[in-house]
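*Asks:* Can you read through this structure? Questions will come right after.
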Amino acid sequence: MKKISLLGATGSIGWQTYDILRSHPEKFKLVAFSAGANIEKTRQIIEHLQPELVSVKAEQDAITLKKDYPHIEFAYGEKGLVDVATHPDSTVLVNAVLGSVGLESTLAAIRMGKTIAIANKETLVTAGHLVMSEARKYNVPILPVDSEHSAVFQSMNGENPKQIERIILTASGGSFRDQSREELKNVTVKDALNHPNWSMGAKITIDSATMMNKGLEVIEAHVLFNMPFEKIDVLLHRESIIHSLVEYDDTSVIAQLGTPDMRVPIQYALSYPDRLPLVGGKRLNLAQIGQLHFKEVDFDRYRALKLAYDAGQAGGTVLTAMNAANEAAVALFLQEKITFLQIEEIIEQIMNDHNNILLPDLETILHVDSETRKTVEGMVK
Ligand SMILES: NC(=O)C1=CN([C@@H]2O[C@H](COP(=O)(O)OP(=O)(O)OC[C@H]3O[C@@H](n4cnc5c(N)ncnc54)[C@H](OP(=O)(O)O)[C@@H]3O)[C@@H](O)[C@H]2O)C=CC1
Ligand SMILES: CC(=O)[C@@H](O)[C@H](O)COP(=O)(O)O
Ligand SMILES: [Mn+2]
């Protein structure tokens, strides 16, 4: 029985993780979880899985819940995230919280020796060097949940990493993949939230439309697989059936395929090195699909992807600045305070103005993160 701590249980990844935990009660026990503001879903998880500790965003929600569930421990805020991540009974942390707010709890869990199943890519982008060096120091596995990275991980199984020629991350192209840059000037939030293949949280769906999601994933692949950026390519693939590929020096290419269902990579990270049957999983029928499509990426069309490669190549605090600028700009777009194209304009300006510090420590990263968010908010006042 694996004992699990789960951050971001009420979100898209968190809720699918909850679904998997419920479908295999003989394998997994949820001991602690965090939610943000969604108290209805929080109550459902409590009632079905009876954890020992629950954290929510607001103190008042924790106080109210405690009255209804006196046998359960409640926490709140960023300290609550750390309490969940470091719960003494769990051996695995599933980090499905949104944004760089997941960084400190991830580091704390690593220092407790917990295996990390990570969906929270912003943490790996903003402080990948710290996360990976702590993971090495405490001999902790960092298992990918992101579909592309899970595909790469599975395609590397049993192979010699020194023989990898390149990693190829597939990209759907997002909500506006059939529109020109000119046509992006007047797109709405509703249009942007309409992803062609995946049903996901709002922030990552916008990231997918700007292609910053793929940029974050290029950096995530560099961090997780210790691969130089020259060996990480992006390939447009409309159907999201091939989840990513790895090419070897003998020209062989190994890929992982499947119908687009995030429960597959989530469950694989939980069951690794074993596999489990996926309850309700839809099998891939290639004959029925008939054709798969591929296209090279145009970096002028998808400028955010180019910015992410630039930040990755530079390394240092520009990664934190880029990520924080993106988080803040996407939030402003979702509130309809800026236009879609302003997201990448803001990120570019922040990166151009940034004084880069290489190999930053945690304090520096947290400082750059909060200052960047303030600067972005100031830009639209
Ligand atoms: N969705 C997907 O298919 C995929 C997502 N990912 C990555 O996984 C992560 C989660 O994405 P997704 O599930 O889509 O996001 P969602 O927005 O759906 O969920 C985010 C979760 O984090 C909680 N949360 C948000 N902000 C805070 C905060 N400040 N403090 C505490 N909790 C907070 C939310 O709580 P509440 O809702 O209760 O307020 C919710 O539980 C992201 O890093 C994303 O890039 C990676 C691959 C695929
Ligand atoms: C499901 C998943 O892993 C997302 O990160 C997905 O990759 C988004 O799709 P695109 O970024 O390829 O549009
Ligand atoms: Mn992905």
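Every residue, even glycine, has its Cβ placed from backbone N, Cα and C.
TrEMBL annotations: computationally assigned, not manually curated.
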*Asks:* Let me know which member of H87, H195 TrEMBL also records as binding 1-deoxy-D-xylulose 5-phosphate at the site of K121, S147, E148, S172, S208, N213, K214, E217.
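*Replies:* The record-listed residue among the candidates is H195.
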*Asks:* In TrEMBL, the residues T10, G11, S12, I13, G36, N38, N120, E122 are said to bind NADPH. Which of G173, G174, G201 is said to bind at that same site?
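*Replies:* TrEMBL names G201 for this NADPH site.
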*Asks:* In three-state terms from DSSP, label K121 (1-deoxy-D-xylulose 5-phosphate binding site) for me.
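*Replies:* The three-state answer is helix.
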*Asks:* Among the binding-site residues S12, G36, D146, E148, which have a Cβ atom lying under 6 Å from any atom of ligand 3?
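*Replies:* The qualifying binding-site residues are D146, E148.
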*Asks:* Show me the subset of T10, S12, G36, H195, G201, N213 whose Cα is within 10 Å of D146 (Mn(2+) binding site); these are the binding-site residues I mean.
*Replies:* none
*Asks:* Taking the Cα atoms as reference points, how far is N120 (NADPH binding site) from E148 (1-deoxy-D-xylulose 5-phosphate binding site) in Å?
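*Replies:* Per the Cα atoms, N120 (NADPH binding site) and E148 (1-deoxy-D-xylulose 5-phosphate binding site) stand 13 Å apart.
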*Asks:* Excluding near sequence neighbours, so keeping only residues 6 or more apart in the same chain, what lies with its CB under 8 A of E148 (1-deoxy-D-xylulose 5-phosphate binding site)?
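*Replies:* For E148 (1-deoxy-D-xylulose 5-phosphate binding site), the qualifying residues are L169, T170, E217, A221, H243, S244.
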*Asks:* Could you give me three numbers for the domain 'DXP reductoisomerase C-terminal' (257-374), the DSSP helix, strand and coil residue counts?
*Replies:* 70 helix, 3 strand, 45 coil
*Asks:* Over the domain '1-deoxy-D-xylulose 5-phosphate reductoisomerase C-terminal' (142-225), work out the mean pLDDT and round it to an integer.
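*Replies:* Overall, the domain '1-deoxy-D-xylulose 5-phosphate reductoisomerase C-terminal' (142-225) comes to a mean pLDDT of 97.
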